[in-house]
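Reviewing the structure listed below.
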Amino acid sequence: MIPCVLIAGLLTTTGLPQAIAREGISQPLSVCEPLTNGVDSPEAVDPGAPQFSWKLTSSQRDVRQTAYQIVLSDAQGKTVWDSGKVESDSSSGVLYTGEELCSDTFYTWKVRVWDSRGQQSEFSEPAPFRVGLAKSDWTASYIWDGSENQNDFAYFRKGFRIDKPVQEAVVYTSAHNDYQLYLNGEPVGVGPARSDPYSYGQYCAYDVTDLLEQGDNAFAALAHWHGVWSDSGVNAKPAYILEARIRYEDGTSETIKTDESWKCQPTTPYIEENPVYFGFYGGVNNRASIQYDARREIPGWNTVSFDDSNWQAAQVVDRQEYNLYAQLVSEQAEMESLSPVSVVRQGENWVVDFGKCLTGWPELKLHANQAGDSVKVQYWEVEQGWGDAGYDSYLCAGGEETFKAPYVRHTSFRLLEISGYSGELTADDVWGIVAYSSVDKQGNFFSSDSRLNAVYEMCERSGRQNIQQGIISVDANREQSPWTADSWNIGVGCLYNHKDTMLIDKVIKDYAGEQLESGNFLTCSPAKDYHSEMAEWSLYWPMLLWEQYLFSGDAKLLSDYYPNLTKFLDYIERSRNPGTGLYNPPGWRASDYAGGSLENGGENIATNSQIYQVLEIAAQISQLVGQDADAQSYSQAAAELKNAVNRNLLVDGRKYRTTSSSGQIHPLGTAWALRSGIVPAAFEQRVIEWFASQKGNYDVGGYGGDALYNGLYQAGLGKIATEDYARYDQMLEKNNTNWESFGALSPDNMGNHAWTAYPSYLLPKYVGGVQPTSGGFATFDVKPVTGGLTWAETTVPTARGEIHTRWESLDEEHLTLNVTVPANTVAKIYLPDNDMDSLTVTEGGTPVFADGVFLPGVDGLHDGTLTQGYVVFTAGSGEYSFAVSGNPLHTPDPGEEQPETGIILDDNQAVFEGNWVYETASNHNDRYGDGFRYSPWVSGEPTARATYSATVEQAGRYSVYAWWGTHPNRATDTPYTIRCGDRVETVRVNQEVDGGQWNLLGTYDVPEGGTVTVEITNDANEYVIADAVRIAPYEETQPDTYTPFQQLQLTVYEMEKADTGNCTRPSVLAAFQQALRDA
């Protein structure tokens, strides 16, 4: 690849690069990093129209491409297509529009551009690519060894001669399930990516010109069929295929291809008999143990000189139903070799500790065993006894030997427990080989909080380890499968941190290829015949489609898969309840998992919030692909759903119940509403304040954490989010690797499962502030959430260049923000005003905003406005250094702790009579203090009573509040009797709702020295809770009030809800007009 080289490096607080640029050191407009189909110099792309992307670089500010010219040539340099000068600012996903290109043919292309100043760049260096094979182009046959054993291995070979100079030689190859290919004993490659060969199988291509020798040559492959998967796998038959196309300098050509002339050896060192499988739940039989007999090794089997005359002929197998496409995701590779942090003998065994959990395989040097001795390697993900990741077995040949079984399976381990080894084991004898698909990590995140930095590093690394030529759950015993929600939680982090990734592209195509007739998607794909469906998981497919477009700029992806999108939304629409307007999709449901306490299923706030997001996305996609009528329809559906959610689930204009039929009010439900943007503007501040007040009650599982943090950051509650990352401490301490959830280790919470790795995108997106707003980052926002930190810095690689941000907020009066905006992009830059008066903003020392007015004149800045707590600038490309100063007018953050006024009586200060049970269980996270009491009503038993009493020293008006925790088994008519002087009043409340907060019972006039008594009895229809009572001066605790507009909105919601299904417009209009008059 031709790299982009910037004159000015990443900004630092010194501002030096900006100074250099302004002193006149100029870099001309140039083009770099050309990609074909999103990949640098691909060995094969599918026949059809390729697409091209490139980046611009210039030391000038505000560089915007206005036109481009692409010239495509063949291998001899002859022009095949010249686009001419095309007026466009597009530099990603640009489609080839010439005549059809030839299969199995090498091409190059180059591009030059013009900018808004009329400057013309030089042509880029030529970017090579090859058009691969369509199904009809293959002449090779699929072969196998004549057996279909579970966990089946086979060696294949083909010798051939080269007797004249070779111009080029290209190999196309694939297998089900995987292969390791050699030419003349040299490794060529491994693959393919996990795929469903019936719909979207993958083949790999390699240029092997330099590996061929004059005279004898030989291809050799180890092919591996996993067998029939009983759970989330692809049940297809074993096969291997190879087609090598050789062109000679004299103009002739030759094809070496798999057929019955190939030789096969079905007996390999890998023992197939009696396979040992590990796994449970979604991972049953996903991978078999490696049982390797070194005595059966065949020295030199992959070399030219090996005599294969006694090998059997390969058998041609019919796999014409398979469909192969060029693989664009990177191959799996050995990325790192780790030495252990300790090697300790435990009795007869050895325990090797690598300090953190890794994905890959071990390499073990053995010195002292006899032939036939069995060495067992047991894998542990966290610690001995926790995170059992199965074992492999090695039957020794004797003498000096090495146990290593690369690529045939990967496992995960922090610890190796080695038994059966006769010698002394040292750290020089064992390595942990870290293996995953090769990626170019260029993103980063750093901050003033060491825990946050550790969480980011762990999450990015754990997510990267899940990239095994696709995105999978990486734990060894469960779900080595590509689930949709995992693809989101892990994949978006890859987009934010890795350069030029095509992983999400593959995920989208895998799911589309296996879309069900109903329109729904499977929970895992590729996973042919594994027909598990799950609404919440399926909803991530449109979200991933949109995210890949935002990062890649590939508009063709949207048009190609638009039919799949509309088919899916038709399926979702069939689950809408016309009475409530809410959706209740069928099948397995999980609004949170594993762990967490948000209720699943029903007309759920989580599911409906996510559907709202998807409808909004669908409206944007429809508009981009020219389907304006669909765009309007989806926009209308989103608006109606937003209204339905708030009509049915919004409580008191400040929080959300979980389902339309449930009394549960859970902070995660409100987080989902905030994340999706479904909260009405009129109530947003009230909702944020309630959400912030629930700090400490955010009970979430591994899945729910993503929605929680999105909700916190979108609400501006960065300080609470920063503090909440303490939930990752046990992962950091135990094995420095992501777990499936935040609870204790269990079969539902595995120790190497990057489902919780979403901070790897959340931190650069929200704390770094980098968010795309159009395809390929043509436009983007920089909007950092600064709460709880003094500084943060991030780099995000994009289709148009790296975006770099660094902000510092060392006190309430000063904030700095440095931003690198790549060429051919436009950024909206948001500077928090920190509630400052006399606000002034400078850029590079020059005032650009003062007295509420934008001050023009600085190159690259187009405008500046003060909006909703931010000064917002529109900026063209360049490096900017902003400074904000002013006089602080401190107002508390919504999440800032406020002192609770008045007298608070917890349950340990009450007098209890009758049948009460004390409860402290941690799953009751909406209790006040350490615990609470509950009492069931039992017919014939005496009434249970709890009495709270307090003396008020100062006369005045006081408000009385009660606190309880919610659950579906709570009483809906719990009686609270308040006694104050001669006034006695009983208030019945529904304890299924409004838990975890102070709820107003009434307001009372109390004389000096007067006593207020609150009595709770179990004279109710279910369990009664006695938790805490609060008596506070009225003037300090005004009950919630509504603005006229808020009251108007609530009135309309109530009218619509009461009249659902039989609503007449005049009745709604009359209510609206009356409320307006009242307001």
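Including glycine, each Cβ sits where the backbone N, Cα and C put it.
The model shown is predicted, which means the values in this text are computed figures rather than measured ones.
Listed features, source TrEMBL:
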- 164-328: domain 'Bacterial alpha-L-rhamnosidase N-terminal' (DOMAIN)
- 348-435: domain 'Alpha-L-rhamnosidase concanavalin-like' (DOMAIN)
- 441-767: domain 'Alpha-L-rhamnosidase six-hairpin glycosidase' (DOMAIN)
- 769-842: domain 'Alpha-L-rhamnosidase C-terminal' (DOMAIN)
- 907-1031: domain 'Golvesin/Xly CBD-like' (DOMAIN)
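The stretch with the most CB contacts under 8 Å to the domain 'Alpha-L-rhamnosidase six-hairpin glycosidase' (441-767), chosen from 164-328, 348-435, 907-1031, is 164-328. Confidence for the domain 'Alpha-L-rhamnosidase six-hairpin glycosidase' (441-767), expressed as mean pLDDT, is 93. Helix first, then strand, then coil: DSSP counts for the domain 'Alpha-L-rhamnosidase C-terminal' (769-842) stand at 3 helix, 48 strand, 23 coil. According to DSSP, the secondary structure content of the domain 'Golvesin/Xly CBD-like' (907-1031) in residues is 3 helix, 63 strand, 59 coil.
When the domain 'Alpha-L-rhamnosidase concanavalin-like' (348-435) is classified with DSSP, helix, strand and coil residues number 3 helix, 56 strand, 29 coil.
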